[in-house]
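Some features that TrEMBL has for this protein:
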type	residues	note
BINDING	A:40, A:41, A:42, A:43, A:44, A:72, A:111, A:140	4-amino-2-methyl-5-(diphosphooxymethyl)pyrimidine binding site
BINDING	A:73, A:92	Mg(2+) binding site
DOMAIN	A:10-190	domain 'Thiamine phosphate synthase/TenI'
């Protein structure tokens, strides 16, 4: 698919840490209904078969809302389930190899933390970058922090769109204004919310405001 | 598909009045690349075969960007090309009959000009409403005006999302703030623009700002 940078405005990243009575597909449905604009399925502890089955279920929900859907770390799962693309980190497969594997028509997102990683990822064919952790995060305890000054430098250095990630919630989201972002990626402030609909709608409003400034 | 109301933020309606060197599909590609969030194909003078062929071409572009795509006035074309839905006016097929024809999984949009038409369309199964002309329009010369006061009453009266249409451009779009709209539908300010990319990106920014207020 072709990526419009405003599709990255409010980028939801799944996390099964808060799965209670609801299924992940139900939580995702709420997030997309309330205004999330992009979806990444992130699974760290599922075996391949269970991951593929889940990816198929979640893709159905994303397709119902026509929301771009990418798989974290696993190009082969992305291809097998027909996702729109894949998102890889610096510890995963090299971006250039992922691009070669998935072809030109899939979306490739890459996590970076420095200007040089950003330029390299862009050169290797990334369609967008994820930069973080911009704030302290409970969902990725090993994540190094990226300062807002470096975030701004990265946005200025590349021509592809950039989303910030890591500990972003309704209280700190406005601090990201003026950095050159296309959007924000959110995990716990959506999927850990008591009311996913209300939390997502509020984050979307804040993200729209933040981008406008 | 399932409609998220923020998908209606900047609703592009095609018009071949300004087709010059570019094909309509190229113009649509630019509008979607620059941030239009919804697409309606409106054709008044094509025969059925040509309309269906064009609808297939335009649908491909909308699918590439995962943008909801509806056909103006012709449910049979919408079904034949696999569009996401159909948009009808008060002079077209009755909304209830269109809903019966297209089923529950397609989007139905209805043009209304009064609160009573709005309530009736909602009851008959409309997923969203188009209200206008809110300003003077060059593309639909026979369109009656709807006052901004009535627009606000309609938004308050229904629980489905509402977009304003008719003569909306970058100069008057901000006047629509505070009415309860989900978005704005634009024809000439996109497809009649010298630079569709720039015009659309600017309208999207203004629509985001207007909704945020």
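From the backbone N, Cα and C atoms, a Cβ is placed for every residue, glycine too.
All annotation found in TrEMBL is predicted automatically rather than curated by experts.
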| task | Give the number of CB atoms, excluding that of residue A:73 (Mg(2+) binding site) itself, located within 10 Å of its CB. | result | 20
| note | With the fewest other Cβ atoms within 10 Å, the residue among the binding-site residues A:40, A:72, A:111 is A:72
| request: Let me know how many other Cβ atoms fall within 10 Å of the Cβ of residue A:43 (4-amino-2-methyl-5-(diphosphooxymethyl)pyrimidine binding site). | output: 20
| request: Restricting to the domain 'Thiamine phosphate synthase/TenI' (A:10-190), report the mean pLDDT as a whole number. | output: 95
| message | At a 10 A cut-off on CB-CB distances, which of the binding-site residues A:42, A:44 has the highest count? | response | A:42
| task | Do me a favour and check the Cα-Cα span between residue A:44 (4-amino-2-methyl-5-(diphosphooxymethyl)pyrimidine binding site) and residue A:73 (Mg(2+) binding site); whole Å is fine. | result | 9
| query | Sequence gap of 6 or more, C-beta under 8 Å: which same-chain residues meet both conditions with respect to residue A:92 (Mg(2+) binding site)? | reply | A:73, A:98
| request: Would you mind listing, in sequence order, the residues at least six apart from residue A:41 (4-amino-2-methyl-5-(diphosphooxymethyl)pyrimidine binding site) in the same chain with a Cβ closer than 8 Å to its Cβ? | output: A:14, A:54, A:55, A:58, A:69, A:70, A:71, A:72, A:83
